[in-house]
There are 2 protein chains.
Amino acid sequence: MAEPLRIALAGLGTVGAGVIRLLETNAALLRARSGREMRIVAVSARERHKDRGVDLSPFAWVDDMAELAARDDVDVVVELVGGSDGPALALARKAIASDKALVTANKAMVAHHGAELAAAAERAGTALKFEAAVAGGIPVVKALREGAAANAIGRIYGILNGTSNYILSTMEATGAGFGETLAEAQRKGFAEADPAFDIEGTDAAHKLAILAAICFGAEVDFAGVTCEGITRVRAEDIARADTLGYVVRLIGMADLEAGDDGTTALLQRVRPCLVPKGHPLAHVTGATNAVVAEGNFSGRLLFQGAGAGAGPTASAVVADLIDIARGEIGAPFSIPSAEMAPMPRAEAGHRTGRTYLRFTVADRPGVLAEMTAAMRDAGVSIESLIQQGRQEEGGEVLVAMVAHEGPERNVQHALELLRGSDSFTAPPLSMQILGD
Amino acid sequence: MAEPLRIALAGLGTVGAGVIRLLETNAALLRARSGREMRIVAVSARERHKDRGVDLSPFAWVDDMAELAARDDVDVVVELVGGSDGPALALARKAIASDKALVTANKAMVAHHGAELAAAAERAGTALKFEAAVAGGIPVVKALREGAAANAIGRIYGILNGTSNYILSTMEATGAGFGETLAEAQRKGFAEADPAFDIEGTDAAHKLAILAAICFGAEVDFAGVTCEGITRVRAEDIARADTLGYVVRLIGMADLEAGDDGTTALLQRVRPCLVPKGHPLAHVTGATNAVVAEGNFSGRLLFQGAGAGAGPTASAVVADLIDIARGEIGAPFSIPSAEMAPMPRAEAGHRTGRTYLRFTVADRPGVLAEMTAAMRDAGVSIESLIQQGRQEEGGEVLVAMVAHEGPERNVQHALELLRGSDSFTAPPLSMQILGD
């Protein structure tokens, strides 16, 4: 048997403890599959004396985690600290500079600094792996980097945030409102005390930027993701969607467009969408993640599983360790960094699609005429319109419409025409309707 | 850029033509992702002068395909001939013996001779890859061999035959019978003129045996798969299942059991099952394949996509070529052959589960008493029973029951007690009910 793979572990939260537990529980299996023993030699975290439910006594303790990267007895640094910059980034840079392989679950860091880190790892001839940074236990980075690598990917999209999906699918099942469902999700541990990162779409945007880089050979461009969360989705929207044959899901989607002048541009968006009930993503409920890749030869591929949690994330971290133990390194984003370049950002406005629009308006004469006139003036053709009878005297009236297939620009224009109107009790919500 | 990867292609059916088309269409992409040009140098097939819609003139033509393995200008042989033995096996053996890498889409050959071929490839230090042999374009071999490799897999199961799934899901949608639906599937090209291989479960069994070997580290044991097809499923069974909250799917499933004496045994089965409507596999319709792997850390992973066809299969073949071009070889079944051994076959009888049973009986007094007495005597407890009113005088009556959770052996015993009874107009059908 070859030499052990010597691992340093930075960050001992639930995922770190999960990795320790996995390496222990599945030790014999991992030895058989990778041909080497996986041996943690050193660990580091903020607090040394905290009960994590795992025995740290076999490992060297290091107070300054950056020192892990300098140790002679370490082959791979596993970074589970989190945060796009700060200690995590310092450790990552130092590990690669010291010719160590780096495995990370840190989506924020890879989304912000993936291009730099990949270039450094390739120069050093070492591995940078981040399977755990996208969609938890689903081996989707590998699936796209390698399994579907024969394909030009037309579109990559999916449900990339478990918390948002838990909230939306719970609202769907219970009919409850957003605030109430969020509070329940927080009680049950499906949402953080500060949920902004998940429900505003940032977490999904991190993952989307990473997937897009792999699929399209563009430098990771997190700043290029337009992002809208689920905080404005109401119980009524989900009920309307249901009537129309859809469910509401927070969808991250990226695709390319070729300009007339031969340039290629990348569109990356995270936003709530209406998904047809016959679409595989409509059946994804709870804190599950699912990714769809459309290859020009493979057709539509779906990868689904737990998007977070100690076990699934540890599974992905250790899959990367197995690759490294087997000597399978390769370019982190599939195409070598030297051949990747920043890609221009595409304009969404000329994309066409069907759109769901929901207005909450004061119950008084003329409001419907005002809205429909704006649609007409912006060239938006209305396919269907539902006005909900008012619940109480002088109360809010909800008007939902579906716009026919047409340029997104027109819908945006209509909303601009209506901006500032005092007929609305809340800003209108528009959601793209996904095709089958 | 490194040297081109020089490819010999044996077999020029739809998949072979698909591979040629893919290598041409995506050439620039493949060069970027693999770092090498993918160059077909020689091809071989039974008939030389057949229009395949692709230009063969750039490639050397070889009449005797075994010669492909002997050529000095070939790095990889791609075997797309088919058949478990004969020319395909001869070519595969010769390619490996000549230190060439071998890529194959041949599930029958891998299911029958995978252990021998893997051992030979590992001895030769060359690659044996068969992503295309299982579930078409879904990169499930890689997902299990690598992506989920950190996990002990509890169970692997899924929808492994597109033809059967097309037939069952069409019967579900239309209410039509098996024979009629099969004929329609044949007209539409979803079933072969001789459909036995698909509808009797053999094709699914090949794939299951391969997946089980990867997941459980056992030598491929196709002969150990118990196999029952879908030919006896009737429209009435699908209607009953629907009433009970299930759909009918042909499921291949493998899992391990640990004996008291420390031995481990493998159970591999292909058979129609009742799948709860809330289960991800219940939403898989048409000629789609889907595989579920339950890892001890990852939890449930689902991989779904087109299970056959020129494009998807070519996508999988070329993914293997990219791995080889990148130098990623590794043991074909994840664990080195030397460490794999034949695994004893588990007995199904002591497994417990809920079972759907359907009897077609002559419409005369006492038949129900005869059946329920047999259930009682065999220790099978009946959870629900539906007897369909007779359609016509003296006609056949259909009795469907669901047996409570209990040993499968008892159900088999009950069916044995009833064997030979002249009350039945056709042999009874039993289907396992999958849990959530």
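Here the Cβ of each residue, glycine as well, is placed from N, Cα and C on the backbone.
Under DSSP, B:Gly16 (NADP(+) binding site) is assigned to a helix (H, G or I) in the three-state scheme. Taken from TrEMBL, the feature NADP(+) binding site applies to B:Ala10, B:Gly11, B:Leu12, B:Gly13, B:Thr14, B:Val15, B:Gly16, B:Ala17.
A simple way to gauge crowding: the CB of B:Lys107 (NADPH binding site) has 27 other CB atoms within 10 angstroms, across all the protein chains here. Under the three-state DSSP scheme, B:Lys107 (NADPH binding site) falls in the helix class. Among the features that TrEMBL reports, NADPH binding site is placed at B:Lys107.
Among the features that TrEMBL reports, L-homoserine binding site is placed at B:Glu192. Listed in sequence order, B:Thr163, B:Gln186, B:Asp198 are the same-chain residues six or more apart from B:Glu192 (L-homoserine binding site) with CB atoms under 8 A from its CB.
If you draw a 10 Å sphere around the CB of B:Lys207 (active site, proton donor), it holds 28 other CB atoms from the protein chains shown. Taken from TrEMBL, the feature active site, proton donor applies to B:Lys207.
The feature domain 'ACT' is assigned by TrEMBL to B:356-432. DSSP states for the domain 'ACT' (B:356-432), grouped as helix (H, G, I), strand (E, B) and coil, give 23 helix, 34 strand, 20 coil.
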For B:Ala10 (NADP(+) binding site), the three-state class that DSSP assigns: strand
Inter-residue C-alpha distance, B:Gly13 (NADP(+) binding site) and B:Lys107 (NADPH binding site) (nearest angstrom): 16
Binding-site residues listed as B:Gly11, B:Gly13, least Cβ neighbours within 10 Å: B:Gly13
The one of B:Ala10, B:Leu12, B:Val15, B:Ala17 whose CB sees the fewest other CB atoms within 10 Å, among these binding-site residues: B:Ala17
Remaining residues near the recorded NADP(+) site, that is with C-beta within 8 Å of the centroid of the site residues B:Ala10, B:Gly11, B:Leu12, B:Gly13, B:Thr14, B:Val15, B:Gly16, B:Ala17: B:Leu9, B:Gly18, B:Val19, B:Ala45, B:Arg52, B:Leu80
Alpha-carbon spacing, B:Gly16 (NADP(+) binding site) to B:Lys107 (NADPH binding site), which is rounded to whole Å: 15
Rounded Cα separation (Å) that holds between B:Lys207 (active site, proton donor) and B:Ala10 (NADP(+) binding site): 22
